[in-house]
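Undergrad: Take a look at this one; I'll ask things after.
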Amino acid sequence: MDSRRVLLVLGLIQLCLVQLVFGGDIVHEDDKAPKKPGCSNNFVLVKVQTWIDNVESQEFVGVGARFGTTMESKEKHANHSKLALADPPDLCSPPKNKLAGEVILVHRGNCKFTTKANHAEAAGASGILIINFKKELYKMVCDPDETDLNITIPAVMLPQDAGLFLESSMNNTSNVAVQLYSPERPLVDIAEVFLWLMAVGTILCSSFWSAWSAREAAIEQDKILKDASFDYVNVEQGSSGVVDINTMSAVLFVVVASCFLIMLYKLMSYWFIELLVVLFCIGGVEGLQTCLVALLLRWFKSAGETFIKVPIFGAISYLTLAVAPFCITFAVVWAVYRRVNFAWIGQDILGIALIITVLQIVRVPNLKVGTVLLSCAFLYDIFWVFVSKSWFNESVMIVVARGDRSGEDGIPMLLKIPRMFDPWGGFSIIGFGDILLPGLLIAFSLRYDWLSKKSLRAGYFVWAMSAYGLGLLITYVALNLMDGHGQPALLYIVPFTLGTFITLGKIRGDLSNLWSRGEPVRPCPHFQLQPTNQPEEEMEEHQH
């Protein structure tokens, strides 16, 4: 196996770390306080549009509190209100300045949120903006023993950077106004539909490529066996450049991936994201190059079968050399301009090409290994999305996926599409692991069907592919029901995919063969000795 194959296998561990689906997950803290009269609002995101000296300025996003009046959903119905600074800044005591319908800007801390809101309302404010001491947002709830909850003004939490901008603007000018409203999100955004199609289409393409390669290898092996002039023929599987995962590798994946995820979480910073971008570009170049060579080989077969020795890299075809500059340029351009609005297209192209290539090279040899791998990934996903909150006070997987503390809009090992009809914008994303890991089992099902000469109806691929699509669909349903909070996709995909495969195998009586061997047994023709005039010693030497 050449160094490029080893690189991609190692890349599988790196790229399967983030197994998450989310869209617009902005609010971080859990809802731990129960609803009660006067404190029963649903948490909603709030747009805070600003005007400085009657000129429209920046727009910020806040989160509405459990208490207070509900937000206006239509921008045209929302009031423009002058902004005033609180004195004292934390508003833990009645303000020194009287207000006449202004929205008051205060700092978080030193007293309850409801205390601040009551003081603001008593002073004549029409709303209260509370500045968090972090860049993240925080859900404002009520304490269990609170009783003074008859608050009739809206209360909104702002991130630290938004508050600092408004404060500095008010210190430099005398006229700052804001408009508060909370537009409703669509139940389903078309971005999720396209992302579902991308994930399913990627697995379809890689499965057919993997099955076609396996069938070609089987045909070639059969030819060798039929033409064999020896009693025993040994065909090395490793020479094909395919890596078969074993049970131990499947278990070690969770250990290595968990260690690497913790490292990402602890070292998350701007420079670390830059390192991940470099690694992603290397893998993306290899994936894009492999896919393009495979596509162009049909028209440029001679160039693809003519090789030249290159130092370090070894024997490389002329077709690969011709395609490589384009792939490298594509990845470099994406890396340089990855912060522009349309850069997600380049990221998705590189990501899909890499996933297809890895699924072509890395294979699950039987259902046993596939079950161990997906079961471990299932537990890994749940632990690092949900259980890790109790250990680290935040979801490690979500923090890594968003790229918190890095100044970047998430890590690159994700497929993403902008939310097209969502007034809040943002991206719908899916982690590579949510495609790669189930894809290994689905690709195995198609290889098994083709080598067993099973029809689509009698085989396992259509059922496994349908189960994956349904599991991913349920993931997006759960995502919308959870108001955009990140969901571990394998929590839904693994039971559907693996459960369908095992149940169908039991019903059809194929489970033992799928579990242990995974490939249909093809008889190996034995050499029958023919009369010969060769000396006995020469025959023995020939047989050796």
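Cβ atoms are placed via backbone N, Cα and C, with glycine included.
Bear in mind that the values here come from a model prediction, so they are computed numbers and not experimental data.
Got these off TrEMBL a minute ago, pasting:
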- 1-23: signal peptide (SIGNAL)
- 85-164: domain 'PA' (DOMAIN)
- 193-212: transmembrane segment (TRANSMEM)
- 245-265: transmembrane segment (TRANSMEM)
- 271-300: transmembrane segment (TRANSMEM)
- 312-336: transmembrane segment (TRANSMEM)
- 342-362: transmembrane segment (TRANSMEM)
- 369-387: transmembrane segment (TRANSMEM)
- 424-446: transmembrane segment (TRANSMEM)
- 458-477: transmembrane segment (TRANSMEM)
- 489-507: transmembrane segment (TRANSMEM)
Undergrad: Can the transmembrane segment (342-362) be said to touch the transmembrane segment (193-212) if we require at least 3 CB pairs below 8 Å and skip pairs under 6 apart in sequence?
TA: yes
Undergrad: Using a Cβ distance cut-off of under 8 Å, indicate which of 193-212, 245-265, 271-300, 369-387, 489-507 has the most pairs with the transmembrane segment (458-477).
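TA: Stretch with the highest Cβ contact count: 489-507.
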Undergrad: Under 8 Å for C-beta pairs, could you tell me which stretch among 245-265, 271-300, 369-387, 424-446, 489-507 has the largest tally with the transmembrane segment (193-212)?
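TA: Looking only at 245-265, 271-300, 369-387, 424-446, 489-507, the most contacts with the transmembrane segment (193-212) come from 424-446.
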Undergrad: Are the transmembrane segment (369-387) and the transmembrane segment (424-446) close, by which I mean at least 3 Cβ pairs under 8 Å that are 6+ residues apart in sequence?
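TA: Counting Cβ pairs under 8 Å, at least 3, so yes.
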Undergrad: What mean pLDDT does the predicted model reach across the domain 'PA' (85-164)?
TA: 86
Undergrad: On the DSSP side of things, how many residues of the domain 'PA' (85-164) fall into helix, strand and coil, could you say?
TA: 15 helix, 16 strand, 49 coil
